[in-house]
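S.K.: My structure is below; once you've seen it, I'll send some questions.
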Amino acid sequence: RPPRDGGIRYRGLTQEQILPVDYEIEYICRGNRVIVGPKVRKCLPNGTWTDITQHSRCLLLCPRVWTSLENGRVALKPPGPPVEGTVLHYSCHAGFMLEGRNITHCTKLGKWDSSKPVCLCKCGMESQSIYKLYIGALFPMSGGWPGGQACLPSAQMALDLVNNRTDILPDYELELIYYDSMCDPGESTKLLYDLLYTEPIKTVLMPGCSSVSTLVAEAARMWNLIVLSYGSSSPALSNRNRFPTFFRTHPSATLHNPTRVRLFQKWKWTKIATIQQTTEVFTSTLDDLEQRVKEAGIEISVRQSFLTDPAVAVKNLKRQDARIIVGLFYETEARKVFCEVFKEKLYGKKYVWFLIGWYADNWFKIKDPSINCTIENMTEAVEGHVTTEIVMLNPETIRGASNLTSQEFLGALMNRLGGKNPEETGGFQEAPLAYDAVWALALALNKTVAPLKAKGRRLEDFNYNNHDITAEIYRALNTSSFEGVSGHVVFDAQGSRMAMTLIEQLQGGSYKKIGYYDSSQKNLSWFGNDVWIGAGPPADSTIVIEEFRYLSQKLFAAVSVFAGLGILLGIVCLTFNIYNSNVRYIQNSQPYLNNMTAVGCMMALAAVFPLGIDGHHIHRSQFPVVCQFRLWLLGLGFSLAYGSMFTKIWWVHNLFTKKEEKKEKRKHLEPWKLYATVGVLLAIDVLSLMIWQIVDPLHITVEKFTREAPKGDLDVLIQPLLEHCTSEKMNTWLGVVYGYKGLLLLLGIFLAYETKSVSTEKINDHRAVGMAIYNVAVLCMITAPVTMILTSQQDASFAFAALAIVFSVYITLVVLFVPKMRRLITRGEWQSEQQDTLKTGSSTNNNDEEKSRQLERENRELQKIIQEKEQRVSELRNQLVERQALRNRRRPSSGTNQNHSNPSPPSSQPDPKSLLPPPGYPNPASDNHSSLPPSFSNSSNLYQADSKISRNHCHNSQIPLLYK
């Protein structure tokens, strides 16, 4: 069961489930309560829990400030956190007396049952003893940065020298209380607790490693403690609001960034990549670098991070073509990174790595079980990388506050290390900073003695509640300025060390100095001994050469020849049509519409030339003009050529597919209607093109293709580019134009099919027009979608579009004009319309329509003549009857008797003489053709039988047969 005011935390399972053996549960408390007793219990095989006899309770925590006593000692029983039942026993140091109760109890309300006592100095007595001032330190002897291996001996060496100096803190002795933080914030939390809640009181804290320093510095403000770090470079620690009492002799990691930016500019790099370990120090450093490179006009193209395994991050760098790479990680992770670098071949003459300079000199040769690369692999991968390192050892031979030169310090440090190899000792480079940190603290404390004495205070009076002494130490450190073994020691407003930067390069397996950079003066001192695997510093990225794809000039020339010949053919056809415009056969083909077709064809052919013009011929600024020529020439050419043909076929359909009663009204075709139809189609195109160019004008765009690698080991890529004429809503406009033109093409095909068997005199070449429409429609409907698909292939797209135009125009011109030329040349019909009308019907024109018209006219004339003749025949019959009656009266009586005796029917054949026509009429025995007009005689073959009809056989029923 959970304790009162607490609960149980189940790790991955719920209370209702059956808990397995070795499963652990954890007790937690609410509010300001802590667990007293077992905090974690484990399930045993017998079904019980560990420590089942011990109870766990959640008790209120009493204030910890009672657990320490200034100038005295506190005994806590039982040991552990001050909770209900805890008893404190107080006692004072020699020379002091206790004022208040010497014992106090923690109640169940979380309060002590008495006020905290104090230790007062005994009156009339003055202590002549040496007081100890304790420094609580955390040295990372292992972990990500084992800097304590060299920094701890360096600090101890400085303490020995300070304590032996009679002019520095003569009444005090500095003592170091330290723990191994392992560069782990979790472990450091526990150690910090021990430092603060165990005697004696610590005057100053000295952490190392940025993650640990961040934890300590943020907590120290609550105990009025000054924090002085010797090995923390995180830029986040420069935040005075967050860390008001923090100082460091190690400069901020951001001090590397101005140096890096200066090197980027020196080698003319404008694109870099970064890879970092996910910790606050490196994240803050990278944020600062990003801001600085942005101000310098440099781009961070790739930014990768990792927690423990850098494999994926390194692969991403390779995939994204990173060349100049800044790496921010601890030494142990650096070995992992470069093992992956070796596997991915991310090293060599094409790459430059920038690393932190505070690794051990042989960091890449140290055997690491976490990687599977050999020393030879690592040495090959790291060759040529550049490091930026804060100058941590004074390059000049100057004796500073410790009366040691930098070389004498190194000699003394080597003796303390007992002959260990400096390259294998963590923190050897930072050892001067730890040494100077102790001296900075000693000098600052020495500076506070007089001001505190004037206020009636002493350093030994310091406790965690005394803000005045902390403020004096803060002011002393903030104004520190002395020569140390690491150089001139001075702190900026954020408490960070100001220093120069050393630039080194790994050459042949060892680091060589190649320059210094003073960020305060922006001065780069360059030695000029940098070495590169290639001919010089590599490019910051693969050099991309932009190469425009141009149309094949051979193809353009070939198609241009065909287009030129087509234009010449169009001129010949146009000249022929204009010259023979008075010939009846040409007139009956509507020559003006044919002229428009020829002009439209020539305009369409002229569009082939701007279709093939690209950046190879003109400057890019002139390309939009070429785009306009393409659009207008092709659009208007199509409208003229196809519009005139469409108009012909449209009117033929209107004339000969209507009802019979409406045909007569449309026999006479008015030419202006044809021209108006073409004008309407042309106006629609002009208006749509104008709207297009005003609303969304054509402009040039560049299409990029997949980069291509040239042959050879060249660090370049070819970027193919292709220029296009386009607009913002190109697809919309093309959809409108193609839709409109497509409907016209489909309608033209339908009309041509409907009128394929129609014959008309006014438009005698409509069958040829229909054939041309078929060819144009098919080619256009195939070409339009194919060219849209092939738009990225300049040669194929141009060839398909241009040849479609050429073939369409050639077919149209040949079908429409060549038959006319052949007819007029072979038959010699070069007469004008006036001459042609003088000839008789069938000999002037063999066209079926002309024959039909002539026959209709002759039929009407014959019907009129027949009516006149019929009337005359009727008159003649009446005269014959009268004559016959008169002749019968004059016959002799003998004839009468004879007729009575021999009766016979009247003769059916009258006397030929009696049938002679009256004077003025032609003889029936003579040629009937001589009495007919010429027009009638011309049709003698057709009406030969009817022309021989006798007068006795003339009847109204015979008249309709004349036409039939």
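Using the three backbone atoms N, Cα and C, a Cβ is placed for every residue, glycine included.
These came from TrEMBL, pasted as-is:
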type     : residues     : note
COMPBIAS : 830-846      : compositional bias 'Polar residues'
COMPBIAS : 848-857      : compositional bias 'Basic and acidic residues'
COMPBIAS : 903-922      : compositional bias 'Pro residues'
COMPBIAS : 923-942      : compositional bias 'Low complexity'
COMPBIAS : 955-964      : compositional bias 'Polar residues'
DISULFID : CYS92-CYS119 : disulfide bond
DOMAIN   : 60-121       : domain 'Sushi'
DOMAIN   : 562-840      : domain 'G-protein coupled receptors family 3 profile'
REGION   : 830-857      : region 'Disordered'
REGION   : 883-964      : region 'Disordered'
TRANSMEM : 555-580      : transmembrane segment
TRANSMEM : 592-611      : transmembrane segment
TRANSMEM : 631-651      : transmembrane segment
TRANSMEM : 672-695      : transmembrane segment
TRANSMEM : 732-753      : transmembrane segment
TRANSMEM : 773-792      : transmembrane segment
TRANSMEM : 798-818      : transmembrane segment
S.K.: In sequence order, which same-chain residues at least six apart have a C-beta under 8 angstroms from CYS119 (disulfide bond)?
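M.R.: Residues satisfying the criterion: LEU69, GLU70, ASN71, GLY72, CYS92, HIS93, PHE96, MET97, LEU98, GLU99.
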S.K.: May I ask for the residues of the chain that lie six or more residues beyond the transmembrane segment (773-792) and have a Cβ under 8 Å from a Cβ within it?
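M.R.: Apart from its flanks, the transmembrane segment (773-792) reaches 641-642, 645-646, 649, 703, 705, 722, 724, 734, 738, 741-742, 745-746, 748-749, 751-752, 800-801, 804, 807-808, 811-812, 815.
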S.K.: Enter the number of other CB atoms within 10 angstroms of the CB of CYS92 (disulfide bond).
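M.R.: Excluding its own Cβ, the number within 10 Å is 21.
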S.K.: Suppose you look only at the domain 'G-protein coupled receptors family 3 profile' (562-840); what would the mean pLDDT be?
M.R.: 77
S.K.: Would you list the DSSP helix, strand and coil counts for the residues of the domain 'Sushi' (60-121)?
M.R.: 4 helix, 28 strand, 30 coil
